[in-house]
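Visitor: Straight out of TrEMBL:
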TRANSMEM  B:6-25  transmembrane segment
TRANSMEM  B:32-54  transmembrane segment
TRANSMEM  B:113-131  transmembrane segment
DOMAIN    B:130-415  domain 'NADH:quinone oxidoreductase/Mrp antiporter transmembrane'
TRANSMEM  B:165-186  transmembrane segment
TRANSMEM  B:206-230  transmembrane segment
TRANSMEM  B:271-294  transmembrane segment
TRANSMEM  B:301-323  transmembrane segment
TRANSMEM  B:384-409  transmembrane segment
TRANSMEM  B:429-454  transmembrane segment
TRANSMEM  B:475-494  transmembrane segment
TRANSMEM  B:532-550  transmembrane segment
TRANSMEM  B:652-670  transmembrane segment
Amino acid sequence: MNGLSFDVAHLLAGGLVLISFMMLYQDRLYSLLNIFAMQAVVLALAVAWQAFVQDAPHLYVTALIALVLKAIIIPVALHRTIERLGIHREVETVVGIGLTMLAGIGLVALSLLLMLRVTIGVDALAREDLSFALCVVLLGLLMMVTRRNAVSQIVGFMSLENGLVLAATGAKGMPLVVEISVAFSVLVAFIVIGVFLFRIRERFDTVDVGALHRSRGDSE
Amino acid sequence: MSGAAIEMSAVLALLGVAVLALVLSRREQATAIVYGATLVISVIALGNAAMRLIGDPAGVSDLVLPFGLPWLGAHFHLDALAGFFLVVINLGGAIASLYALGYGRHESAPHRVLPFFPAFLAGMNMVVMAADAFSFLFSWEFMSLVSWALVMSHHREADNARAGYVYLVMASLGTLALLLAFGLLAGPQGAYGFAAIKAGTHDPAISALVLALMLLGAGSKAGLVPLHVWLPLAHPAAPSHVSALMSGVMTKVAVYAFIRVVFDLIGQTSWWMSAVILLLGGITAVLGILQAMLEKDLKRLLAYSTIENIGIIFVGLGLALAFRGSGMGVAAALAFTGALFHVVNHSLFKSLLFMGAGAVLTATGERDMEKLGGLIHRMPQTSLAFLAGCLAISALPPLNGFVSEWLAFQAVLQSPQLPDWGLKILVPAIGGLMALTAALVAATFVKTLGIAFLGRPRSEAAERAKEVDMFSLTALFLLAGLCLIGGILPGLVIDALQPLSQALVGSRLPLQSAEPWLSIAPIAETRSSYDGMLVFVFIAVSAAAAAYLIHRLASRAVRRGPAWGCGFPEYSPVAQYSGASFAQPIRRIFATLVLGASETVTMPPPGDTAPARLTVVVVDPIWTKLYLPVTGAIGWTAERLNRLQFLTIRQYLSLVFGALITLLLVLALWP
């Protein structure tokens, strides 16, 4: 049983990292959103599995929050936003996709190297979980840095948040309050950024962050 | 109620008055109410501290209040050292309040002064009472900020804004140094209570570092060279009773901080540390008084003279440290007593002089001495009190300034017995600097009194001056009287200081009240003794006899004729001897080298009837050589870093990302 629970947790967490990589090379907004929803589903599965393994029923609530909020509400809302803004065009990446992927591989190597070294003596499940969580966080950051479009920056931010939830549930005894607050902070961030998007749109007729800089008199 | 509880209630009451002043400040009677209240509270606090110091000097009363750091609380204590400084603070506070009852009525913007004055007193009391690092730093910063607000009370006047800015920067630097010093003292286990710090042992390297930080932190507040630049700007900018408190009392709070940490908390120190303190003290004394000599602004002159007195106090403390480290107990007690006695004395006569300057300011609206003159006829009582202050600060017997400097010189004379050769050579050299200082002080105050109060008025304002109100005069004469009592009965003060000496340098002087005829003999009567009463009686009798004889024999033969006008046919007040001309010889001898003073004479071409001009430029080399390069470097860097303000969102994110990755890499590659 122990071996099986470890393998499943490993599989799900690894799946999260893999989906992060998939997001890195998506250059269309709709598919990016779909993959983000997929990541949220996998996250909900991973959390639920942790709830089952740790015998901690409150984690099921967390899983449910992740599923409803991140896999359904936010992607749908963003989908409609994109529709209303009418930006179905390609995602502009600042750095080439190949280079981004290479950087992502480097980040994964770094976080594995670091986490496995730092957490010597900790239970193997938590160890794997933490290193994968750091991978997801770093890949989310990488996405925020390499994208120019505000929507994909939001998606990067929320995939970063997914990594945090994974780390939080991997550690035993994390109180539910913390997870709920994390979930709500994401929601708030989403609302704020959503409102912000429309403001940008009203003013500049584009959601390209570069337009903001031009209006400020900077040159990108 | 324990002593500490009474003191903290006084602090609370002062803070209450500050809040009340905030509400009342625009009313007519606010001045009388606020200063009356601070007067009463200060007298109560003074009485409590004095009772503690005289009645039960060895006792410590503690008080823990439930705020501050959650696991620490706020500790306050009242021991002999704190009691002594509380006496100094509250005596100064009480007399400043009394003075302000009259002086404050002339204040143009009372709502900028009234709320902060009681808060300032409360802050100084709190610093001295604090018994853990957190409460200490909090109180210290509170005191700094409130005094900054007082400095800025006339913020529209030219230079005051700059004074406030320089003060704020220096105060932040000082607090930073104190913060680091306490961090080092607390050590990795975080023992922030003074009792815990004292109980622990400190590595010699840590002790040296803490001493350096204390010189920076307390020294910047006290005005040690080269951290003195803010003091002559900020102290005169405040209203005069606040200047008196800042110069007379707040610098002493800094001295308290230094003594508390270096003598009480660090423990043993090595000899070269005292050498550093001695050198800094000696240089501070000479530079301070030289700049005072060249100054023509009355209040700024007094501020420079504060720097000089702080130098003398630090020389005394350095000597005490040197003697204590060499196991010479009585000599250490002598030097320490001298330094503390000078703390009291300076707080008295510097308050007196600043309040006198305030009285002159009220009467004439002038701070520039070259526009004063002849005030002794228009303000005879103020002039008399100011004269007493000048005599006291010039260390003339039978006033108090003489006693403390005499004690300091007695301590210098103990130096041949020091085992260490470095100190054996250094201490007499410092003694030489102090002797030079003493002479320059006398010259400076001859100039101050002579130019501002004697001669003929140099401006219309000085001519129309009127004597100030009774409250101010009472305060002035109270201080002058205390200066005289301190000089005539020094044994009382010395005896009261011995418990402190016992606690901090480990030995005490013999009981002075046992000496016959009110004389004092700090080491042994065969070596040296001084009797202030005898000198006073002698001076009084001989002066009276001389006056009587002159009046009797010479006044009859008075011949009235035209005064000698120094060769000027038309004798106008402008042609009088001026402060600058009085200072010229000293400026040429000393200041040319030390302060870069230079004079240029511009002669009109032949045939031109324009007057010739003599321009004198004095620059503080510390400002140009030390401070300007630092500000220049900061400005240069800031300009380069300014680019960071105009990056794109993505670039900022990249910076964060880069920093994170770098930190993770360091962590991963760390061996």
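Using N, Cα and C of the backbone, Cβ positions are placed for all residues, glycine too.
Remember, predicted model here, so these are calculated numbers, not experimental data.
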Visitor: Counting only residues 6+ away from its ends, which parts of the chain sit with a Cβ under 8 Å from the transmembrane segment (B:206-230)?
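Guide: Distant contacts of the transmembrane segment (B:206-230): 144, 163, 166-167, 169-171, 173-178, 180-181, 184-185, 250-251, 253-255, 257-258, 261-262, 266-270, 273, 276-277, 280-281, 283-284, 287-288, 306-307, 310-311, 314, 620, 622-623, 626-627.
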Visitor: Take the transmembrane segment (B:301-323) and find every residue of the same chain, 6 or more past its ends, with a Cβ under 8 Å from one of its Cβ atoms.
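Guide: Beyond its ends, the transmembrane segment (B:301-323) has Cβ neighbours at 222-225, 228, 231-232, 235-236, 243, 247-248, 251, 255, 258-259, 262-263, 269, 271, 273-278, 280-289, 291-292, 295, 329, 331-336, 338-340, 342-343, 346, 350, 353-354, 357, 369, 393, 405, 407-408, 411-412, 414-415, 418, 420, 423, 427, 430, 434, 437, 441, 444, 448, 505.
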Visitor: Run the contact check on the transmembrane segment (B:384-409) against the transmembrane segment (B:165-186): 3 or more C-beta pairs under 8 Å, excluding pairs closer than 6 in sequence.
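Guide: Counting Cβ pairs under 8 Å, fewer than 3, so no.
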Visitor: Can you name the far-off residues of the same chain, 6+ from the ends of the transmembrane segment (B:429-454), with a Cβ under 8 Å from a Cβ of it?
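Guide: The answer is 278-279, 281-283, 285-286, 289-290, 292-293, 298, 301, 305, 308, 311-312, 315, 318, 360, 369-370, 372-376, 383, 386-387, 390, 393-396, 405, 408-409, 412-413, 415, 577-579, 582-583, 586.
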Visitor: Do at least three CB pairs under 8 A connect the transmembrane segment (B:165-186) and the transmembrane segment (B:113-131), leaving out pairs fewer than 6 apart in sequence?
Guide: no
Visitor: Name the range, of those listed as B:6-25, B:165-186, B:475-494, that has the largest tally of Cβ pairs under 8 Å with the transmembrane segment (B:32-54).
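Guide: Maximum Cβ contact count belongs to B:6-25.
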